Amino acid sequence: MAIYPCCFSFLLVSLFVSFCYAEIRLTEIRHDDRPIIPFDEFGFTHTGRLELNVSNIALSNQNPDLDMSKVGFFLCTRDAWMQVLLQIEDGYINCALNSDFVKLVFEFKQLKGKSNSFNTVYQENTADQYTLVFANCLSHVKVSMNVRSAMYNLDGKEKHRDYLSAGKTILPRVYFIFALVYFTLAGIWIYVLYLKRLTVFRIHLFMLAVIILKAVNLLCEAEDKSYIKRTGSAHGWDVLFYIFSFLKGVMLFTLIVLIGTGWSFLKPYLQDKEKNVLMVVIPLQVVANVAQIVIDETGPFGHDWMVWKQVFLLVDVVCCCAVLFPIVWSIKNLREAAKTDGKAAVNLMKLTLFRQYYIVVICYIYFTRVVVYALVTITSYKYLWTSVVAGEMATLAFYVFTGYKFKPEPHNPYFVIDDEEEEAAAEQLKLEDEFEL
């Protein structure tokens, strides 16, 4: 049956991809013959509500004998969906709407007369993470409709609506706290630059810009989630968030490349191959941010949603790999210089610094791209905020390490390395195995 490929696609999506924050969403479905269309995923508490308003319903086949009980909306958990797939595979049912494991929201057979719209409010009192799904089990029948969905929990004694999923409802406070931390970090960095203003390079001012952009980005994200939590709409804060997210992403990857090349504090220029890395990373960051916007704003019901998700992951991996090349080149150049310029001790210190930075960059990329993603997958929906905290803590640690290791340092012209230290450094360079990159 045609339902199998789509079922398995939806299963993979629901198991390994976190959907959006389930704000009030307006969706247009046009001439769609997919048997399964997943909408938003949401973590309900015991006071969960789903408001579903569907209008302009039109089927490509107007035969009055169609079994409209095979078309409708339902809620389903991830574990329940696996049971539904087993039932379909074993032949117990031929449509997901007939399964006892799903919670039926509305069947099109309930449409009155020739009505092409309906409004319903579904109460969910069993706390769990559900996905709103549309099922069309009629062969060769295309569906068009406008869907307005709103999922929320009633919070507190006054029953205020909370449009953020359970487990994500504290995210506004989390982002705001981290924004304050970064603004504080920016203030500390400004103070350090002022104290050591005679040894400040352009790269240090660039680092200040990255910290400020990160703080503003987090502040916009906090406001974005705060408005969604209270009203179901971002009220324009999502636009500011996307703008500063793009600027922060481009600046951060550019900073890693510039530090990796030693620009400003080791040499005042960039080589052609280093410029080429920037020319690759910056356009890829543009593509990555466009993909992120499409992923966030369309949701899994879009035909090309999974394609954009794959594009985002691919581009992100390419960017992460590209920024490592300048660090590798700097390490090799320092090793070669140590053998020829007679400054073994100084080159050993620089070599050690760039090796540490190379390892830290790899750890940062691995943690924020792999470990955090794994946390989202394995963590209960009630504690999804922990993956955000983990990712932001790793990013903060990376910023602090970078600032500490590459802060302005006065070079004492009267400081002379004695012969014994120079010989020991030269001997260590000789005895070291080639650094495995």
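Just so it is clear, glycine is given a Cβ too, placed from its N, Cα and C backbone atoms.
Residues annotated as signal peptide in TrEMBL: 1-22.
For the domain 'CAND6/7 N-terminal' (28-153), the mean pLDDT of the prediction comes to 91. According to TrEMBL, the domain 'CAND6/7 N-terminal' annotation covers 28-153.
According to TrEMBL, the domain 'GOST seven transmembrane' annotation covers 172-412.
Per TrEMBL, the feature transmembrane segment maps to 174-194 (among others).
According to TrEMBL, the transmembrane segment annotation covers 201-219 (among others). For the transmembrane segment (201-219), same-chain residues at least 6 beyond its ends with a Cβ under 8 Å from one of its own Cβ atoms are 175-176, 178-179, 182-183, 185-186, 189-190, 193, 241, 244-245, 247-248, 251-252, 254-255, 258-259, 263-265, 392, 395, 399, 402-403, 406-408.
The transmembrane segment annotation in TrEMBL covers 239-265 (among others).
Annotation comment: TrEMBL describes 307-329 (among others) as transmembrane segment. Only residues 6 or more beyond the boundaries of the transmembrane segment (307-329), in the same chain, are considered here, and those with a CB under 8 A from a CB of the stretch are 17, 253, 256-257, 259-261, 273-274, 277, 280-281, 284-285, 287-288, 291-292, 294-295, 298, 354, 357-358, 361-362, 365, 369, 437.
If you look up TrEMBL, you'll see 357-376 (among others) marked as transmembrane segment.
As annotated by TrEMBL, transmembrane segment applies to 382-401 (among others).
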